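Residues annotated as transmembrane segment in Swiss-Prot, with sequence analysis given as evidence: B:17-37, B:42-62, B:68-88, B:98-118, B:143-163, B:166-186, B:189-209, B:228-248, B:255-275.
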Amino acid sequence: MSFEAWIIATGVLVGVSCGLIGTFLVLRSMAMLADAISHTVLLGIVGAFLVTGSLDGIYMFIGAAATGLLTAFLVQLLHSKGVQSDAAIGVVFTSLFAIGVILLSVYGANVHLDIEHSLMGEIAFVPWNTVTVFGVDIGPKAFWMLASVLVLNVVLISVCYKEFKIASFDPQMALALGIPVLLIHYVQMGMLSLTTVASFDSVGAVLVVAMLIVPPAAAHLLTDRLLYMLILSALIGGLSAVMGYFFATWLNVSISGAMAAMTGVCYASAFLFSPANGVITKKLRTLNMQKERAG
Amino acid sequence: MFESLWLQLQHPNTQWVLAGTLLLGTASGVLGSFVLLRKQSLIGDAMAHSALPGVCLAFLFTGQKSLPFFLLGAALAGLLGTFCIQLIPRLSKTKEDSAIGIVLSVFFGVGIILLTYIQQQGAGSQSGLDSFLFGQAASLVRQDIILIAGISAVLLLLCIVFFKEFTLITFDLAFAKGLGIPVRFLNGLLACLIVCAVVIGLQTVGVILMAAMLITPAITARYWTERLTGMIIIAGITGGVSGVAGTLLSTTMKGMATGPLMILSATLLFLFSMICAPKRGLAAKAIRLMRLRRRTSREQVLLAIYEQYEKNNLCVTVESVRKKRRLSPSLCLKALNDLEQERCIERIENGIWQITSKGIEKGYHTALKQRMYEVYLMHEMELANIESDQDYFDPDRLPRETRERLYSLLKLYGRMPERRKASHDAEKGQIANEF
């Protein structure tokens, strides 16, 4: 495959896997937790590097998953101690991110990781970092990392579909039915952290937030069914990645930034033209109705 | 380290930077109090992120690095972002938190596109733009700082002038509307002030961490006081102190951005307050809980002893109490020792106590109160005219009729505690016989 194809494939994988897990966050009104976790993953990566001295995939995964869960746990803890939940998110992620930045600037000289890179990502470099299996070059590392996370997400979501669904829409009933809501919360946070860290290296912290929140929110405007919402949000995520890539190469600008902007375009079109909920479609419907009444 | 710090402090540039961060921290702390109380903490985060495209556009249009234009662009973009956040939930079923996330990431993505566009245009150095991401106070020149300090001062002044109005729209919007106060105008003004506070912080603290300068000092102050005036003053001080501390740390450590250090200082102050604050702190809460537990266990043990006394069983041991009340042996022993100190019981032998006349008196009142409360709960519907909670239930303060009704009910159920004045010596003799 050409470099271009690998980059697009990686972007689409980011869009699809973020779109799937993001759906549950948007439904549970925890979008900002995604923002928080995508920032604190930086601390996990730096921490993993400081402990093990390598930037190997597996250590990064463990470190990031640990800080992701830590973030979710700390937010929960502060909230239970009487801090209102939005402020709890704000305090936790900014302080963990600040620690990450400070550690990085103290020990950062010999880490192949700079802060701008971690914020904006550099998906254009993805094809150069390849994996070799049995002497055969099978493609970029980021691609395979994302692919395995996507498989994990799909498997978890299809196995626990019913539980996830009920815990998203009616947590009280889920509790009453004996479904471990708290466990589901932490499973989802773990999935979120893994998805974030896999996407992080190629697309950066901010694009991850865009891919996690915007496609599901757009899909939510288009449908009222969870299954369709999952499929639509994965489609929108993938579509924005492809559109973003071509937009970025056209103007020669940051690919990840362009992908984030394209998710925004998708959301805006859903916001305006969604058949059931769009602002303009609603307006048109009212106008038509008025005309019918008059005529 | 301190010598180098001292040398740095002599430097007029450092003094300027310090003054700037002090005022900046104070202004963001004060405005942050309103943000926190209006539950809009994360909107500050979105404002900061959405300011980035504004800064880039200002650079593209003017073609030069000048702070006033940057601030103007950032403020306009920040206001646009805030407007979108308020518009989206009103017009669609997207919830507010998703709206914040959408605005934040999409605006920031556009900002990054513009940043890379500027980079590859090669039109002058974009190093000035870079410092907006993480904040580098050292990159500020004197005129910038005068501008920042001036804006902070104006923000503080406006806060003082509109203090009463802002308080009102923060706590009781409907009441403010009823009074005929221009709520829309004031809401807009407050949003503008917050955007300004965020925008002037961008170059010192950075886009990503600016939200914390609004949230952390305010939430720190919330632990120390229940009054808005006090909260604003403490938040201002906390913000100022963390601004200064962050700047000092970043001048002594080489290659450290100012922003993260300021945030870390603020977080440390927050953690300290969360644990040590006098009323709402975790330590104070734990002590209160411990005291309550001890008082309750003492009361329960006294009740158990009194019940024993009613059944003419006078010798009290840890085991006899624990048969009636489920307490841990150590807590029970502690309560017994407390009661002995209060002279409600006296020790006859090691591990065996006996109730004294003072204990009988006190136990009688405690039991009466407890049993009246129980009866009240049984007949709550009948006696609905008294609203009461166990902690505040006081038989003496009840109306006479209710009290008498409760007494008769107690007698009916055979739960009326009785006060026998048995002679002390006889009781002692009885115990002696038992052993």
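In case you wondered, yes, glycine gets a Cβ from its N, Cα and C as well.
Within the chain, the transmembrane segment (B:189-209) has long-range Cβ neighbours (under 8 A, six or more residues past its boundaries) at 20-21, 24, 27-28, 31-32, 34-35, 43-44, 47-49, 51-52, 55, 67, 70-71, 74-75, 78-79, 82, 108, 131-137, 139-140, 144, 147-148, 151-152, 155, 158-159, 162, 166, 169, 243, 257-260, 262-263. Same-chain neighbours of the transmembrane segment (B:166-186): 34, 37-38, 159, 228, counting only residues six or more beyond its ends whose CB sits under 8 Å from a CB of the stretch. The recorded stretches the transmembrane segment (B:98-118) and the transmembrane segment (B:228-248) do not share 3+ CB pairs below 8 A when only pairs 6 or more apart in sequence are counted, and are therefore not in contact. Long-range neighbours of the transmembrane segment (B:42-62) within the same chain, counting only residues 6 or more positions beyond its ends whose Cβ lies under 8 Å from a Cβ of the stretch, are 32, 35, 69-70, 72-78, 80-82, 85, 97, 100, 103-105, 107-108, 110-112, 114-115, 117-118, 126, 129, 132, 194-195, 198-199, 201-202, 207-208, 210-211, 214-215.
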